[in-house]
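Taken from TrEMBL, the feature compositional bias 'Basic and acidic residues' applies to 19-30. Residues or ranges marked as domain 'Amino acid permease/ SLC12A' by TrEMBL: 52-537. Residues or ranges marked as domain 'SLC12A transporter C-terminal' in TrEMBL: 549-636. The feature region 'Disordered' is assigned by TrEMBL to 17-40. What TrEMBL records for 47-72, 78-105, 126-148, 168-191, 198-219, 265-286, 307-330, 350-375, 396-413, 419-444, 456-479, 485-512 is transmembrane segment.
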Amino acid sequence: MSERTPLLHYRLSASVNESGEHRRDEHEPRGPATVRGRSAARQPPKLNTFFGVVIPTLLSMFSVVVFLRIGFVVGQCGLYQTIVMLLVAYFIISMTVLSVCAISTNGALDAGGAYYMISRALGPEFGGSIGIMFFLANVCGSALYVLGLVEAILTTFGISDGSALPTGYWWSLLYGTVILLLCVLVCLIGAHIYAKATFLIFIIVMVVLGTIFISFFAVPFRTIQLPSHRNASLSPTSANFTGFKLDTLLGNVQADYVVDYTTGVMMSFATVFAVMFNGCTGIMAGSNMSGDLKNPSYSIPRGTITAVIFTFVIYNLLSILISCTCDRILLQQDYGFLTDINVWHPFVTIGVYSSTLSAAMSNLIGASRILFALAKDNLLGRFLSPAKHTSASGNPWVSVLISWVFVQLVLFSGKLNTIASIVTIFFLLVYAAVDLACLALEWASAPNFRPTFRYFTWHTCVLGIVGCAVMMFLINAIYASASIAFMLLLLLLIHYLSPVSSWGCISQALIFHQVRKYLLMLDVRKDHVKFWRPQVLLMVSNPRCSVGLITFINDIKKSGLYVLGHVQLGDLDVLPSDPLQSQYDSWLSLVDHLNIKAFVNLTLADSVRHGVQHLLFISGLGGMRPNTLVLGFYDDIPPQDQLQDSSLSICKFSDNSSQTDDPEDQNDPAFHFPPVRGGVSVGRGGVWGGKSMGPQEYVCVIADAVKMLKNVALARYFGQFDRTQALQGPLFVDVWPVNLLRPDSAAYVDTCSLFLLQLACILNMTRAWQKAKLRLFLCVEEGRSLKGTEQKLKHLLKELRMKAEISTVPWDSQVALHWQRQTRSEKIEDFPSNTSRVSDEYLQAVNKLILDQTLRPPAVRFLYLPRPPADTSRYHDYLNQLELLTRNLGPTLLIHGVTPVITTDL
């Protein structure tokens, strides 16, 4: 069973526990008694569902709205729109609650709540940016509730009412600062004290709510004087609590938007919704305490759903009772009317103070936990490193102090409704991100996403995202746009500052899901020559000697498949493990460093020929399979190490790269590409120079590829190719589309010639090579019409939409060398072949002809590669002919095409 444990990957071996305290080293000796003693001494008691989730969520959702703003909402919107508003608000948060429940029941949940869920699902960049937004939302929310409490205190004890408390902006700021200090003191002591304080407040709030409901039935008709601090021009000065009357209900069912007397702003559905929605933004209060819960995966779903249902029922009952018993004027001009109609006036005042104080503490402690989680993940480097510090009991006291400073800054805004829109938009953005995280996990169809909470689908996630987005822009389009822009800015900032995470990236799962779907749709039976593109398998012996060729082939692939293949000689039967697994990291790091778009495919075989066969058979998937094989040329030129001056430290290329003093690097892949020693590449399983295979096997590889209907290209002198240097100054690409090994055949329109032209044209279409000038060389003999042949070729290029400069090259003397060495028996071929028994003198003459054609050497030459002879005994001669033909030509591609790749049809 112990061998299977790592497969579960259930975070059972997380390095940090839920309270943020680092665990001991697994190898440190310890006894059961010691562990129990230290755990009891240092760990504060964890919270259960009721104390850790239900109570904080209920108090956060009631807060200001239930006592100070429920009458305001009904007075402005009327009963019908109030119920619609509640349904819309609770529909949006219900979709988010379903997503929260799904994610929280899909594995162990650490401190950070919603931030932890989003970052582990969508990655550090998106999760970190949303985490900061969520932190700011909690900061603004805490300030909102503190201001609400100040407003309630001044309403009761303000100097205008004959009491001793003076009013004004700076006095309000002072009162808010004192209240905030009280909240900070509770949060600094720890979550257990916070839980006890909130439980006491919960009891008070429930008692007050009970008295409010009783008052609607027990209190008779009453005339209430409206507050004197409202606008004096408003009339009348009093309003009635009528008790249950039909006329009162009918007067309150329709909307009647008026000016808010606290801000002087004309109200609308959107502005009222922004205020009312703050009563729904507390759904994350329990999730924020995830690091302090006994069992977060159990408590968060059950506690959050319970709190949401309870508050929804209470809000609707209060809306109906208020509509039936209170005049519209009372609701619009006195937001504290519940105090005046209560059986005992101080009850509501106590309830307001208690609920707003609790909500302020809940948001403050939630902000500190989010900040602590952000700091622990090192998303902003050293900027947040002080926030990692915790007390002996695991309380992140530095994060609490930082959060307190931010809340204090927000308090300078002064008015309750001023920051309501900002808080609402921030929370809506976070809710949309939670829905997006759940949607991504669901769409990725990852086998490990199997939450125990199953009452959700991708439809609920989409509805939640759409609902949050729509309401954000309805509330305030400017704030919504600014919030999204700020989030994107944070995303970019974290992308460059954050270290590489090991959380797993949902984008990879989504890409896999989509790629698989589209690969199944890519039907090879529907391939058409119009949409042909090169899909290249480049065989690489040692990347140290192949950088030039690797980068050049990347330019010629034209958005097609590009695979770097490598064969290592060996027999898995006699090896303890697969030697290739440790090499992939180095190859992928090479791909990243060279900035090429390529896959890597390695194989183990008893010979290079069999290894290439393996790769040609199995490389690619579905309709994406290599159609072109590229090989380095077989010669005795000593390889050069093109990586010796490179800064590829991440790839472990140096000989001593596996020796490191940093213990954190011990887990890095120890494999590095073999060095070039003595002028010969000694890499196992990949040397063309006679170490791992001979010339006979090399030509066999070419013949095998042709039999498998793969195009073949042989690359010579690319060990000296420097792409950056080649692209500087005048740039030329020379094309010789005639079979130079068959001087008796001067065809320019066979499949191989057209394939060669296509590759040259593709290279010229690449952005880096667009300035290159194609030069097409037309070999002609005396007696043939030079102009006629040239005109035909120009007409062909015009039909093929290719631009090239055509140069006619007389080669009578070279052809004469060929024919004078031929005998009748040599001219008659008894086997099919694209080559003839040409003499060395002829090949040397043709080689000189190619070199003499241009004053400025081209960056690369494209030559016609004839297929290998059918007689395998002539393979060595065939290779020798190619060597003489291309000697000293510089970077050259010998190309043989077997499939049609060009069409003149639309």
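The first residue you see is number 1, and the count goes up from there.
The backbone N, Cα and C atoms fix where each Cβ goes, glycine too.
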Quiz item: Do we see three or more Cβ pairs under 8 Å linking the transmembrane segment (47-72) and the transmembrane segment (456-479), pairs being at least 6 apart in sequence?
Solution: no
Quiz item: Taking 126-148, 307-330, 350-375 as candidates, which has the most Cβ pairs under 8 Å with the transmembrane segment (396-413)?
Solution: 350-375
Self-check item: Positions on the same chain near the transmembrane segment (126-148), where near means CB under 8 A and six or more residues out
Solution: 63-64, 68, 112-115, 118-120, 172, 176, 179-180, 183, 278, 281, 284, 288, 352, 356-357, 359-361, 363-364, 366-367, 370-371, 373-374, 377, 379-380, 403, 406-407, 410-411, 413-416, 419-420, 422-423, 426-427, 429-430, 433, 483, 486-488, 490-491, 494, 498
Practice problem: May I ask whether the transmembrane segment (265-286) has at least three C-beta pairs under 8 Å with the transmembrane segment (78-105), counting pairs 6 or more apart in sequence? | Solution: yes
Quiz item: Any contact between the transmembrane segment (456-479) and the transmembrane segment (265-286), i.e. 3 or more CB pairs below 8 Å with pairs at least 6 residues apart?
Solution: yes
Practice problem: Any chance you could find the range in 168-191, 265-286, 350-375, 419-444 with the most Cβ pairs under 8 Å to the transmembrane segment (198-219)? | Solution: 350-375
Quiz item: Which whole number is the mean pLDDT over the domain 'SLC12A transporter C-terminal' (549-636)?
Solution: 89
Quiz prompt | DSSP-assigned states of the domain 'SLC12A transporter C-terminal' (549-636) in counts, ordered helix, strand, coil | solution = 36 helix, 22 strand, 30 coil
